[in-house]
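Participant: I grabbed these lines from Swiss-Prot:
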REGION    16-205  region 'Enoyl-CoA hydratase'
SITE      Glu133  site 'Important for catalytic activity'
SITE      Glu155  site 'Important for catalytic activity'
REGION    321-727  region '3-hydroxyacyl-CoA dehydrogenase'
Amino acid sequence: MTQAQHDAAPITTGTNQTASVFSFDVRPDKIGIITINVPGEKVNTLKAEFVDQFLNVFKQAQQSSGLKGLILISGKPDTFIAGADISMIAGCKTKEDARDLAEKGQKLFSQIANYPLPVVAAIHGACLGGGLELALACHWRVCSQDDKTRLGLPEVQLGLLPGSGGTQRLPRLIGVSSALDIMLTGKQLRAKQALRLGLVDDAVPLDILLDIAIEKVKKGIPVRKPLPWQQRLLVGPVGRYFLFNIVRKKTLAKTRGHYPAPERIIEVVKEGLEKGMSQGLRAEAVAFGELAMTRESAALRNLFFAATSLKNETGSSEKPAKIKHVGILGGGLMGGGIANVTATRGKLPVRIKDINEKGISQVLKYTWDLLSKRVKQKRLRPAERAQQMMLISGTTDYRGFAQTDIVVEAVFEDLSLKQKMVAEIETNAKPETIFASNTSSLPIHQIAEKAQRPEQVIGLHYFSPVDKMPLVEVIPHQGTSEKTIATAVSLAKKQGKTAIVVGDKAGFYVNRILVPYISEAAHCLVAGEPIDHIDGALVNFGFPVGPINLLDEVGIDVGTKIMPVLVEQLGPRFAAPESLDAVLKDGRKGRKNGRGFYLYAPGPRKFWQFGKRDKKVDSSVYTLLNITPESHMLSSEIAQRCVMLMLNEAVRCLDEGIIRSPRDGDIGAVFGIGFPPFFGGPFRYIDSLGCARVVEILRRLESQYGDRFVPCECLVNMAEQNKSFYP
């Protein structure tokens, strides 16, 4: 609801505080409108200092004679309330400070919930975190059907729980099972999903949102129907016992005990159901205070701030060029993924060139299948699917490329082929067109070597699967112009990606820190450690999958192709054990051909196989490598060997200027390879251990396993000077 839409209704202005976040007006029909508009900000966020302002507005409402009810709307174009201002937590020195913060919000929202007249939240745009908790305190909730409208409680993603009554009001409104699902995942709901769950009372076109809110006020405070019997059953002692046991086990299986917030959410919801709302709110505030002081929450909040700051940067000193049309070379898996995110997220027309029609058809089918899945999930309308599909077209020649502003190349990793692509684009596209290569290993300066306009050649390294992986590495070579850098970053943002600008050197950043990690896992394997023990060690450490499993997923042929390049250009520390060649020679490529270090069941799992793994360790690999699998090392030792090499290489990358800052290195590792977010990234993790401790561990490992563990000079110097990467 915009201010313009608010003003469209006949309004009698009451006391109006223009400098305030909240303004109060009364309509001729005696319905009060409270508009939320944080001055000078793009979106509304809640801060502790706003409480007094809101109470003043509430006081005005109470003094307004004949008032029939209140409607809360936003003065921002596409945001209701994006949540509480997370930076407030940084000002809390103790758990008591953070608890007080939660209690302030609870008391304010309790006043809304207990207001004797109907209060309606008219929601358009993001309604998240504290914004949804505010809406939950209202008697009615109506929202727009607009795609920008999203509702959720994402606090768990910051290592927190909803601290202003959300853990207590949501289960009572929609049932404990659905409420736990929303809070434990941090998922965001669209309007129709929210309506189906009972989170909102109506989802309507934006044009009539205020009208429907007015209707709700006129109906008075609603008498809520009891929840369905299935949900009521779960609130009883027996239902609670089984539900919370199941949820706790599933949650622990996912978090492996690394994240305290999900467990506290479960505890607090359970306490509120067993002991009542008041006790539940007290438990919520205490838990919020304690979680705010945890290392895990600090790490997750730091990542949030890092990612947010990157979104506001162009990566360059210049402004980007406008992007109206995008070209893609190659209709394979990567080309198809890049085309998909460009059209569906960037809403940009995409022209794909492939050597045959089959490649183009594969891209169209790939995007159709992904969009159809969203249609089936009710997250997209069939008409929207059709509109997005119309943005993608294909050709086997260069027709349509004359109007492209940027062309992303996703062909085979062959230098001469990529150089040929540069020449053909320079011939068939306009002079201003940027050429971006999705290479994972070839230096960009070599790809640009024969270009007529090398300043318009850059690397854009996407990660597979493109529709899921959030990171893009932007790789300028020495001659790349600032405008080209800014434009490449701009495209990545339009595609919904987080972009980091990295140096043009073998492996760039992500692959360079990943290869030693995987190679060390291979060293453990050829020494006799079982595959599942190695992978389990790193999953227990906090990675989403183990290194051997990851190699299978990426493709053993693809994953090992970059290793010789790194060995040649950066040294023997990147070398994998020679015996690993036997795996490749045996035709094992990983999941894509059903044979790797694991064996994969063909086809999708049947319904009776739900929960069963679709893969198992292929024991014939041990025969191939001439080893007898037997565990001699603790899981923690295996994890330490693999992770320490990654940390050491990350510091080298910073020292050499491959990454611009520790922040970029942390984002790259977490978003690119799944470095455990609760550590905050490699550099935050080093700071938590201390440089001296990391050097000590590396030297011990060097004495046991060789020169690949020699600590880099930068790390040694920082240890000697007792320095850290962050203030």
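Cβ atoms here come from the backbone N, Cα and C positions, even for glycine.
The structure displayed is predicted, hence computed values, not measured ones.
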Participant: Which whole-number value in Å describes the distance between the Cα atoms of Glu133 (site 'Important for catalytic activity') and Glu155 (site 'Important for catalytic activity')?
Facilitator: 11
Participant: Under a criterion of Cβ-Cβ distance under 8 Å and sequence separation of at least 6, what residues of the same chain contact Glu155 (site 'Important for catalytic activity')?
Facilitator: Gly129, Leu161, Pro162, Gly163, Gly166, Met183, Gly186, Ala261
Participant: How many other Cβ atoms sit within 10 Å of the Cβ of Glu133 (site 'Important for catalytic activity')?
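Facilitator: Excluding its own Cβ, Glu133 (site 'Important for catalytic activity') sees 29 Cβ atoms within 10 Å.
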